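Feature list (source: Swiss-Prot):
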type    : residues                    : note
BINDING : Cys39, Cys44, Cys50, Ser276 : [4Fe-4S] cluster 1 binding site
DOMAIN  : 51-265                      : domain 'Radical SAM core'
BINDING : Cys65, Cys69, Cys72         : [4Fe-4S] cluster 2 binding site
Amino acid sequence: MGNDKRVRKPEWLKISIGANERYTETKRIVESHCLHTICSSGRCPNMGECWGKGTATFMIAGDICTRSCKFCNTQTGRPLPLDPDEPAHVAESIALMKLSHAVITSVDRDDLPDLGAAHWAQTIREIKRLNPETTTEVLIPDFQGRKELIDQVIKACPEIISHNMETVKRISPQVRSAANYHTSLEVIRQIAESGITAKSGIMVGLGETPAEVEELMDDLISVGCKILTIGQYLQPTHKHFPVAAYITPEQFAVYKETGLKKGFEQVESAPLVRSSYHAEKHIRFNNK
């Protein structure tokens, strides 16, 4: 995967992390409870903004993934056993942060018989038990398309369930380890058919065309997806899939307009958008 012709990062992608008291307090709570966040492990460009507002996306089931997607910075390897205290720790941290809306994601745990589904469900239930006024959004793996495992998450009743398509159909096999485009669509269909709001996210700048992005939008609409996030792919290290192009803010605006015209209820589309960016706005809109 040579990357001799690196694309220069444009000015609109240069950000300042910045820190305020809320950022420092959020960081303290996360570290004191030995929690993992996708904010830090995924090197999210919005960490300063989100932590500064007292929000964070918690990553459960450890911080070592059994898959090795070519776009992702999360560590790959043999994960440790699940921590039975983690659901309680996450719920307690949400209470300490006084979050009105919590976002949870996880690594893939293909090493476990149930792929981590029971741990997922227990975490959601514990959050709701300790924080009855807090709404939850969960960004789940594909659970290898096993409907009975996805049902465990659905039955825990989060307000929004998200599963990321990540990229267009043509590029998906090149960058998604052990994942399948059509399996992901079926995961989203199952979520939507349950009555829970279905959400998905994609990256652009991997070499896709606008026509392919529109095709992906059509596929998502056809299975009942209501919320879509679109952000610029940023290559974590030289070993990862190279950036093919930096998409302009103007093109992101076009994608947003196109998505809304196609029938999505909400579209977040901008260079620094990530899956959980402005998630608190999505739940407020969803509850109207």
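Keep in mind that glycine also has a Cβ here, set from the backbone N, Cα and C atoms.
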Exercise. Show which residues of the chain containing Cys69 ([4Fe-4S] cluster 2 binding site), separated from it by at least 6 in sequence, have their CB under 8 Å from its CB.
Key: Glu166, Val175, Arg176, Ser177, Ala179
Quiz item: Counting across all protein chains shown, how many other Cβ atoms sit within 10 Å of the Cβ of Cys65 ([4Fe-4S] cluster 2 binding site)?
Solution: 23
Practice problem: Summarise the model confidence on the domain 'Radical SAM core' (51-265) as a single mean pLDDT, whole number. | Solution: 93
Self-check item: Cβ-based neighbourhood (8 Å from the centroid) of the [4Fe-4S] cluster 2 site, residues Cys65, Cys69, Cys72 excluded
Solution: Arg67, Ser68, Phe71, Asn73, Thr74, Thr76, Val107, Asp108, Ser177
Practice problem: Please state whether DSSP places Cys72 ([4Fe-4S] cluster 2 binding site) in a helix, a strand or coil. | Solution: coil
Exercise. Determine the Cβ neighbour count for Cys72 ([4Fe-4S] cluster 2 binding site): the number of other Cβ atoms within 10 Å of its Cβ.
Key: 22
